[in-house]
Amino acid sequence: KGKCPEDGWDESTIELFLHELAVMDSNNFLGNCGVGEREGRVASGLVARRHYRLIHGIGRSGDISAVQPKAAGSSLLNKLTNSVVLDIIKLAGVRTVTNCFVVPMATGMSLTLCFLTLRHKRPKAKYIIWPRIDQKSCFKSMITAGFEPVVIENVLEGDELRTDIEAVEAKIKALGAENILCVHSTTSCFAPRVPDRLEELAVICANYDIPHIVNNAYGVQSSKCMHLIQQGARVGRIDAFVQSLDKNFMVPVGGAIIAGFDECFIQEISKMYPGKASASPSLDVLITLLSLGASGYKQLLKERKEMFSYLSSELKKLADTHNERLLDTPHNPISLAMSLKNLDENNDAAVTQLGSMLFTRQVSGARVVPCGSVQTVNNYTFKGFMSHANDYPCAYLNAASAIGIKKQDVDVFLKRLDKCLKTSRKEAKKEKSVNEITNSNTGTEQLED
């Protein structure tokens with residue numbers, strides 16, 4: 001049926017299935033005589049076993065989704081993976097998605113592939129409208145494709161940074177719709193930025209006949225992000241949405257899913273990919289989904305939501321004890337932010353030092369964002385880089401509840417963060433006292449002079 005099985009398979013069943021696929025590839029035929037340059041020859045037995053002897057990769061030189069005659073097993077693997085992944089995207093909340101394919105590139109390069117496909121449809125276009133999100137790969141994806149990003153600054157509503165819909169529409173009118181390749185929006189993001197107003201953006205794109213590409217990097221695990229995509233497609237226009245394999249399915253980095261509501265357009269993107277491609281990302285995600293089953297993946301989504309609530313409540317308690325606060329970002333379903341005003345007021349360096357302290361204590365993934373940092377990416381200068389705004393009111397720390405997180409992860413993180421905050425405050429106070437004494441002595445010396 002091409003759907004994810006409801007209950008996961010055991011490892012021996014999955015291995016038997018993969019071996020059955022592998023014997024369908026010509027490089028594994030007993031009497032095979034290969035006289036071409038690409039015959040699936042592998043020098044190392046260890047490498048062959050690592051790939052279950054599925055060596056030919058996926059697709060043909062003109063289409064990553066095409067069937068390769070001498071690699072029937074690998075081709076079947078590719079078709080099944082795309083079908084199972086489509087089933088999971090529907091299960092996760094985008095019910096009307098019609099087509100998708102796994103591409104062996106991470107999210108940034110997969111977005112670039114989407115933009116390059118649109119180039120042929122809109123040859124005059126040179127701009128991409130991009131509500132600002134401080135993440136280098138999605139910015140560079142537009143530059144690499146040869147387009148000029150038009151950065152739309154976010155608006156501050158309470159603690160949240162939200163899409164400036166009026167600025168987007170004003171910029172479309174100023175540049176001319178025919179000169180705009182697409183609107184490039186984002187769902188999953190670090191708080192205090194929240195997912196873009198996808199419904200409003202989709203309506204604008206439909207009204208001005210402008211394509212709409214959504215960066216849904218780690219949004220599959222969030223029912224709220226997936227609902228936004230579904231609603232955007234229902235009321236307006238979304239041409240494609242791109243998500244990472246590693247962030248959503250707990251597999252090694254190196255793959256993404258490009259999905260959409262127009263089957264023909266998604267096929268066009270797959271045909272834009274030059275040459276054959278590695279089957280590793282497809283193999284990894286298929287093994288994972290067969291192992292979990294639909295019920296296993298749904299359980300992971302449920303646990304992630306529960307852990308988000310737990311992380312939110314416990315981080316709020318910790319913030320209160322340190323005279324800080326959990327920023328109010330109800331529209332962000334994955335990431336949380338806690339203010340670091342006390343550290344920031346005492347010493348600018350104390351904020352970044354906190355990040356270093358957490359990292360050396362084996363806390364990964366927590367981001368510490370100081371005020372006023374400046375970063376230049378491809379000749380474009382971002383003020384307040386990492387905070388998604390030129391002047392966010394305070395420094396803060398990010399933590400996220402992503403798929404696979406456990407209660408133990410949250411508890412250990414909070415314990416270590418508590419210790420680091422206590423240490424940072426002591427050091428900041430000590431340094432402040434030293435500075436005050438130094439300034440006092442300097443003042444006395446000046447008076448004597």
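Cβ coordinates are placed from backbone N, Cα and C, and glycine is handled just like the others.
Note: TrEMBL annotation is automatic and uncurated.
Annotated features, as they stand in TrEMBL:
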type     : residues                    : note
BINDING  : Arg38                       : pyridoxal 5'-phosphate binding site
BINDING  : Arg60, Ser61, Gln68, Lys276 : substrate binding site
COMPBIAS : 425-434                     : compositional bias 'Basic and acidic residues'
COMPBIAS : 435-449                     : compositional bias 'Polar residues'
MOD_RES  : Lys247                      : N6-(pyridoxal phosphate)lysine
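Under a cutoff of 8 A between CB atoms, and with a sequence separation of 6+ in the same chain, the neighbours of the residue listed as 'N6-(pyridoxal phosphate)lysine' are Ser188, Ala217, Tyr218, Gln221, Ala402, Ile403. Other than the site residues Arg60, Ser61, Gln68, Lys276, same-chain residues with C-beta atoms no more than 8 angstroms from the centre of those residues' C-beta atoms, the substrate site, are Gly57, Ile58, Gly59, Gly62, Asp63, Ala66, Gly275.
Most Cβ neighbours within 10 Å among the binding-site residues Arg60, Lys276: this distinction goes to Lys276.
For the binding site of substrate, formed by Arg60, Ser61, Gln68, Lys276 according to the record, the largest Cα to Cα distance is 10 Å, rounded to a whole number. Under 8 Å, Cβ to Cβ, and six or more positions away along its own chain, Ser61 (substrate binding site) finds Pro274, Gly275, Lys276. Minimal Cβ crowding within 10 Å, among the binding-site residues Arg38, Gln68, is found at Arg38. Residue pair Gln68 (substrate binding site) / Arg38 (pyridoxal 5'-phosphate binding site) shows a Cα separation of 12 Å. Rounded to a whole value, the Cα-Cα separation of Arg60 (substrate binding site) and Arg38 (pyridoxal 5'-phosphate binding site) is 12 Å.
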